[in-house]
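One structure below.
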Amino acid sequence: MTATVIDGKETAKKIREELAIEAKALAEKGIIPGLTVILVGNDPASESYVKGKIKGCAEVGIHSELIRMEPTVTQEELLAEIEKLNQNPNVHGILVQLPLPKHIAESAVIDAISPEKDVDGFHPISVGNMLIGNETFLPCTPHGVIELIKRTGTEISGKHAVVVGRSNIVGKPVAMLLLQENATVTICHSRTPDLAAITKQADILVVAVGKAHMIGAEHVKPGTVVIDVGVNRIETGKLVGDVKFDEVKEIASHITPVPGGVGPMTITMLLKNTVRSAERGLERR
Ligand code: NDP
């Protein structure tokens, strides 16, 4: 059996088209969804992520602003800027590109963003709301993972989902969202002995580790839906996932490629959260 390759680019495009219609409807009511991105320093990877986010905004009709700050900016200065954006009614989403320079506490910065504008879904209030199943901004990559699984037509309820990785930005929230969808969830991490024995039980396998090609055919049960979140640059300069795509493709039912799988969905979910935030603003008016 050869897996169906999940086309994240195409799925992202469809969702962006839907969002463009919603943004247009908002604009007709006098509300232009607005996202402000703060970029501290000039890390090349961060520059490229920010560029993708700004481009995505333009595509769906979100007004975006980029605030650049010197790497020497103090935490107080950054927090003051966030406070200004919290108060600005034209800004529906605030995103501080991570990582930040070492002298700035990321947690203090995340905590400073108003939960009403926390389109990244990283604020502890957003995380808590997600955990108890309240409506909230879901973190973008995990939300994208769930959307991709659903759009394969796979019923998540009752399935055994195994998540490899337990970071706060990917592994843990993916596991929580899968649980909310009524999967039976197992979370694996670096201290898990005999990883293959567990991943082989998965009906849905989500891998978010950051180690090139660590998951091979020996880790996967035939017919599994495999979502590869990992993005790794190998010596040749090529981007690859955590999964050995070519060999796992031969046994999985569905599989995401890298690039072109989860990646395009992450920014799309950010755009979705920003449009939602603008809609909530309208409801409050
Ligand atoms: P982290 O480094 O924060 O977390 C990695 C996780 O993998 C940890 O929980 C770690 O366990 C676990 N791990 C490490 N080694 C092993 C092992 N041998 N066996 C099992 N588990 C292991 O990474 P992130 O969650 O931030 O990112 C993961 C990957 O996803 C990266 O490649 C990143 O680039 C990519 N990514 C992609 C995005 C996208 O949009 N496509 C967005 C965000 C991330 P422990 O906790 O025990 O240390």
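Using N, Cα and C of the backbone, Cβ positions are placed for all residues, glycine too.
Under the heading domain 'Tetrahydrofolate dehydrogenase/cyclohydrolase catalytic', TrEMBL lists 6-120.
As annotated by TrEMBL, domain 'Tetrahydrofolate dehydrogenase/cyclohydrolase NAD(P)-binding' applies to 139-280. The domain 'Tetrahydrofolate dehydrogenase/cyclohydrolase NAD(P)-binding' (139-280) scores a mean pLDDT of 97 in the predicted structure.
According to TrEMBL, the feature NADP(+) binding site maps to GLY165, ARG166, SER167, VAL231. Less than 8 angstroms from the CB of ARG166 (NADP(+) binding site) sit LYS172, ALA175, ILE187, CYS188, HIS189, each of them six or more residues away in the same chain.
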Same-chain residues at least 6 apart in sequence whose Cβ lies under 8 Å from GLY165 (NADP(+) binding site): GLY171, CYS188, HIS189, VAL206, VAL207, ALA208, VAL209, GLY210, VAL229
